[in-house]
Amino acid sequence: MGDMVVEPATLKPTSEPTPSPSGNNGGSLLSVITEGVGELSVIDPEVAQKACQEVLEKVKLLHGGVAISSKGTPLELVNGDGVDNEIRCLDDPPAQIREEEDEMGAGVASGTAKGARRRRQNNSAKQSWLLRLFESKLFDISMAISYLYNSKEPGVQAYIGNRLFYFRNEDVDFYLPQLLNMYIHMDEDVGDAIKPYIVHRCRQSINFSLQCALLLGAYSSDMHISTQRHSRGTKLRKLILSDELKPAHRKRELPTLSPAPDTGLSPSKRTHQRSKSDATASISLSSNLKRTASNPKVENEDEELSSSTESIDNSFSSPVRLAPEREFIKSLMAIGKRLATLPTKEQKTQRLISELSLLNHKLPARVWLPTAGFDHHVVRVPHTQAVVLNSKDKAPYLIYVEVLECENFDTTSVPARIPENRIRSTRSVENLPECGITHEQRAGSFSTVPNYDNDDEAWSVDDIGELQVELPEVHTNSCDNISQFSVDSITSQESKEPVFIAAGDIRRRLSEQLAHTPTAFKRDPEDPSAVALKEPWQEKVRRIREGSPYGHLPNWRLLSVIVKCGDDLRQELLAFQVLKQLQSIWEQERVPLWIKPYKILVISADSGMIEPVVNAVSIHQVKKQSQLSLLDYFLQEHGSYTTEAFLSAQRNFVQSCAGYCLVCYLLQVKDRHNGNILLDAEGHIIHIDFGFILSSSPRNLGFETSAFKLTTEFVDVMGGLNGDMFNYYKMLMLQGLIAARKHMDKVVQIVEIMQQGSQLPCFHGSSTIRNLKERFHMSMTEEQLQLLVEQMVDGSMRSITTKLYDGFQYLTNGIM
């Protein structure tokens, strides 16, 4: 199937009816829904036409109007600028309608007829205003999702499905979980309206395809496999994972093919099943190329080889373009599962380094990190920098990933592999090979069809046991090294206008910076992540870049990701969406609250990836490492009370604390111990781990009954109960709540749509949505809201249950 450029329908009201090109037989043009779209099959014109006819016929029958002709006469909504301002057939003159109305009204009192006409005109006016709304600049993606979810009229749903093409990709991507959940769990009319857009975007973006496939699988997991709705979601997922949605332009951009040596077609048997990279540029034209299923298993070397190439036209990529990326992700998940079986943090850390060292043997490859916001190829994982995070029962881990940014992931060649021990005598990019990776390098890349059901075949335990863990590399900085990284770090000092700064101010700021350099944490075998997380991000990037064989490349970037196995991140994704929406609302209303939503990738119902918050450590780690109170730690890190650094950090703390207090109140966030609250280098607090929100709580203990967590230590950092910053905190709380309730519908619909068909614990109980709406207090005046904020702050600060829960976490998990 080719990649079509879809021109979606426009819904423009007209002052006068437009005759149908097909005469009285109806034809295929339905200007309300499918203008300019019928030939491209975005929405089936006959389906949309029939839907609108049924809707309008129902309206006329209910209000004493004329039944629509059974011949399928096209209909058009008039925008209300005309005299009649009513819904009518395109080919029927208004006089005919009046004559038929007179006939139908025979024997009926004139008052009743006038009432029917008035109701019909009112309904026409409503239809006209709906059209005006859909075409106005006020109609944003949030309103489109709302109408798609709440409307019961197929014609409206079909139009909204077409309207999705007009919004920016990033705006629609934000609501992708809602769109796919509606596709899975709602009726066919909604699904039929959504599917054309999803298919079109999947042709355009491989990352969008991956996210759709993962979300469809995760949100279908709560349904019985035999149900029709589940099979419908499964069919779309299989379509995405197949090769049918691959962009057609790949066939036009094939590299030159040349026969490969025989050794390239007969790889030796090895434990790690490796096939040719999806970037293979040399394929034997005489080879027997077999087509494989969307997710086949490796049975032998011949099948593995044949699966690595589907046809000459498709040789630019793997037969299933998502297969290498899926193997990359599943390899990371398998590492987490194996780490969870080890008893100590030290053993987990050693095993993690060994596993990632093996993973590097398959890189570079046509794989990417889905949490990143730009196109790139993964080239290396600095395995010695990975750390295991704190968890009692599981083994989440943090890795850093070196990538090379590219313009287009699909068409850019996979970078050539550079050996770890290569002496980089030059930094010139021109000296690097421009072609794809060689045969030896391809042998170490990701198989396109791994056997996911047998970890021993995909990753050899024997190999891991024999692997010698590499020690951190020692590098000597050459002059060109220094010059390269100096250029990267220098910021432009040019300014259009001169800026005069007093010499005393410069001396004071320099002395403050030298006197209060951020402290480093000590290595703790029981908490190896503390040191890694405390290191400033820019320093980490510089250090890893200097030790990387790819670090000299100008498009080199460093990313990080947390891999979690055994945790359902669907609630985390829901919380991310709510936080992102609240952040947008507060920015729009100019309320200086600060929150930090971090990206979530749901891989399955029990695994996923999380974007780490850089330059931040947990309050638990702060207290354990420093043995100081929170206020004393602020003074140690940022200077005395009167320094500019401390005042800035204090303001950041207040603005972020107020923002997260409102988030915790609205979403009823639980499990708020100090291990789940981070403190960054600028003084902000960041709440993490939203596994218990709305109707769920840890082990249903019910410890945390306060509106949010506000401890005495937090108030001390703000300057005490009588301080100006504490009053500023309460003022921000009030302003933030007032702003949030102005846009309540935008927040509530995110949660309400995801409740459809969900078995998540946060939706247990029938009153989840009602209680969420009540927490916006729409009926209260601003004076009443101010009193409410005062009561919540006072109650949270004095809450005995918060102290009990902190004590419980200290006794059971050692969290300070």
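A Cβ is built for glycine as well, from the same backbone N, Cα and C atoms used for every other residue.
In Swiss-Prot, the feature phosphoserine is attached to one residue out of Ser22, Ser275, namely Ser275.
According to Swiss-Prot, of the candidate residues Ser124, Ser277, Ser307, the site noted as phosphoserine is Ser277. Per Swiss-Prot, the phosphoserine annotation among the candidates Ser428, Ser766, Ser799 falls on Ser428. Checked against Swiss-Prot, the range among 337-361, 487-511, 687-711 recorded as region 'Activation loop' is 687-711. In Swiss-Prot, the feature phosphoserine is assigned, of Ser284, Ser604, Ser629, Ser758, to Ser284; the remaining candidates carry no such note in the record. From the options 407-415, 668-676, the stretch Swiss-Prot describes as region 'Catalytic loop' is 668-676. Taken residue by residue, the region 'Catalytic loop' (668-676) breaks down under DSSP into 3 helix, 0 strand, 6 coil. Helix, strand and coil counts from DSSP across the region 'G-loop' (541-547) read 6 helix, 0 strand, 1 coil. Within the model, the domain 'PIK helical' (52-242) shows a mean pLDDT value of 72, rounded to a whole number.
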